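Take a look at the structure set out below.
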Amino acid sequence: MKINTVKYYFKEGIQSIMRNKMMSIASISTVMASLLIFGVFFITLYNVNSVVKDVEGSVEIKVFLKDDITDEQKSDIESRLKLSEGVKEVEFESKRQALENFKEQLGEKADLVADIDPEEVMPNSYIIKMYGPQYVDGVVETLNSMSGIDKINDARSIMDRLIQITSFIKVLGLSLMGILLIVAVFLISNTIKLTVMARRREIGIMKYIGATDWFIRWPFIIEGVFLGTFGALFSAIILGYGYFVAVDATISRFAIIQLVDPFEIVPYLAVMFISVGVVLGSIGSIISLRRFLKV
């Protein structure tokens, strides 16, 4: 393909965008909105998955012991836990240590519990660190059959809730994105149809004098690619900037919440957006040309 021919394709594609400014803006805006919505759900899902992985990597079961538990029962609990599948570590937490840990969690408000007697309020407990959530049910079943245990706290409810949230976000995000992407393809296709119809006579003359179908198609395909790419670029810039701001605000206000590093996710999103934009533009062009390029 000659350089002059390529220049002609790009020139025609850009001029076509300028001739149909309002439809072009509508197409770009729809692509941008579609990808923005997808990006918001993608980032949310990415962060939720990150939290799920963190939770899975630090699954713990806390076993609160009765005050009248015997040393023999304690020894039996500890030995059986250490032999249970999936148990990484078993740590005994005394009443006094439990109070100290609680004070650390309270931070500046630790004075509120300064006068509490741990022997009267706090229970002795075992903290069981697991290799993964898949082993929790088995260990809890073992614990339920043992004496001297008052209460068992495990992470199953948290994990189930996180999985439900992840599934909901995934379904909702994909549904909205699918609808908007179809609308984007439709608008891009209509934008290019306007150009094809306006130049129908010119296209007929070009075919009459021997121009190939691809010579005629390429300017329209480039037009569609430009429309999709512009929408993708705008959405990537807006979403990238917004996520950087969100991360900074979260760090300064909610230190306990750890969002995924923007440099880990934003470049990946930008490449994905541009790729989707190019594909959307190409599909929109091809759809419009299949019907209207019959002269």
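Each residue, glycine too, has its Cβ placed from N, Cα and C.
TrEMBL annotations: computationally assigned, not manually curated.
Remember, it's a predicted structure, so these values are computed and weren't measured experimentally.
What TrEMBL lists as domain 'FtsX extracellular' is 59-152. Per TrEMBL, domain 'ABC3 transporter permease C-terminal' is recorded for 175-294. What TrEMBL lists as transmembrane segment is 21-46, 168-192, 225-245, 265-289.
Within the chain carrying the transmembrane segment (168-192), a Cβ under 8 angstroms from the stretch's Cβ atoms is held by residues 16, 20, 23-24, 26-27, 30-31, 33-34, 37-38, 40-42, 44-45, 48, 220, 223-224, 227-228, 231, 276, 280-281, 283-285, 287-289, all 6 or more beyond its ends. Taking Cβ pairs closer than 8 Å, the transmembrane segment (265-289) reaches residues 27, 31, 35, 39, 42-43, 46, 181, 184-193, 196, 217, 220-221, 223-233, 235-236, 239-240, 243-244 in its own chain, all 6 or more past its ends. In this model, the domain 'FtsX extracellular' (59-152) carries an average pLDDT of 82.
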